[in-house]
Amino acid sequence: MKKGPNRKLGILNWIRRNREDEYELLHPSPPLSPEEALRVYPLWTRCDFCGLILYLATLKDDHFICSGCDTYLRINTFDRLESLIDPGSWRPMQELVSSADPLKFKDNKTYKQRLEDSQEKTGFQEAVQTGTGLINGCPVALGVMTFDFMGGSMGSAVGEKITRLIEYATKNGLTLIMVCASGGARMQEGVLSLMQMAKISAALYNFQNRCGLFYISVLTSPTTGGVTASFAMLGDVVIGEPQAIIGFAGRRVIEQTLGEYLPDNFQTAEYLLQHGMLDLIVKRKHLKNALTELILFNQGTPHRTHGLSL
Ligand SMILES: [Zn+2]
C-alpha cells in the first residue's frame, strides 16, 4: 500500500471521518467542562473585598451584600428592577434607542465595537433602562443605569432615554425615580454627551418647577462626573446607598489640583451626608419601602400639580 499523503483517502479513514461527522451531528455541542459550565452558568461568586466565596442564590436574598464583610456588591439591572418593582408591573420604554457613532471614534477599539460588546455582555441596547411600574402599588416612572454597559456612561442615547422618561412622567403626573450608577459623560461622543446634562436638566425644570412633581434620585456606587453634575444631584430627595462612591472628579485629580491629601472617607455616601450633599442613606433591603413612604408622604403636599402639555 502506498504510504504518504494519499493514505488519508484510504477506506478506513473515510469510514472513521464519516463516523466523526455522524457523532458531531448527533452531539452538536460537546458537554461543558465544570470550569466552562461555571463561567457560562455561574452558581458562585467571590467577594473582591474579603475573598469569601458566595452562593449566588443566597447573595441575591441578601440584596447582594457580602455576608463576610457587609460590602455592597454591584447589583445588576434585572435584579435591581426585581427588588424595586412589583412583580409583573414593569413596562419598559424606548428599549431600542441606541447610540450612533457621530465622531467615528476609535481608540484601541472602535466605538461601534465597544457598543456591540456591551450589548452582548448586558443584553441591553444602552446604559440606562427606563419604564413605568408600581412600587408597593404606587405608579412611578423609573430609570435604572447599567454600570456594566461602558461604565454606565451617558451618551446621546442615554440622555435621550432619560429625557423622554421625564417628559412622559411630566405629562402623566408620575413620580420620577432615577437609580444612578455612572462613570460620567461618554467621551466617545464628545460634546454631544455633555449637552445631555443640559437637556435632562431642562426637562427636570419643567417636571419639578413648573409642575411641582416629585423626583427621587438614588445614588449607587459609583456615581461620578457628568451624571453627578446634572440629574443625580437634582432630586427633591437625594438618597445614597451605604458606602457608595459619589463625586465629580476623581480623588487623584483633586489631590493633584489642590496639592492636599483628602480624608479616607472622602466621596463616600457617609461623608456626603455629613456635609449636606445627601438627604438620606438607605440600606438596600429598606429602599423599596423608603421610596413608598416618600411617595405617599409627598402625595399630601399642597403644591402638587398633575401633568403638563409640552
Ligand atoms: Zn466580602
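Including glycine, each Cβ sits where the backbone N, Cα and C put it.
Per TrEMBL, the range carrying the annotation zinc finger out of 47-69, 231-253 is 47-69. Cβ neighbour counts within 10 Å, taken over all protein chains shown, single out Cys66 as the most crowded of the binding-site residues Cys47, Cys66. Note on Cys69 (Zn(2+) binding site): other Cβ atoms within 10 Å of its Cβ, all shown chains, come to 11. The Zn(2+) site is set by Cys47, Cys50, Cys66, Cys69; from the centre of their CB atoms, other residues of the chain with a CB within 8 Å are Asp48, Phe49, Gly51, Leu52, Leu54, Ser67, Gly68, Asp70, Thr71.
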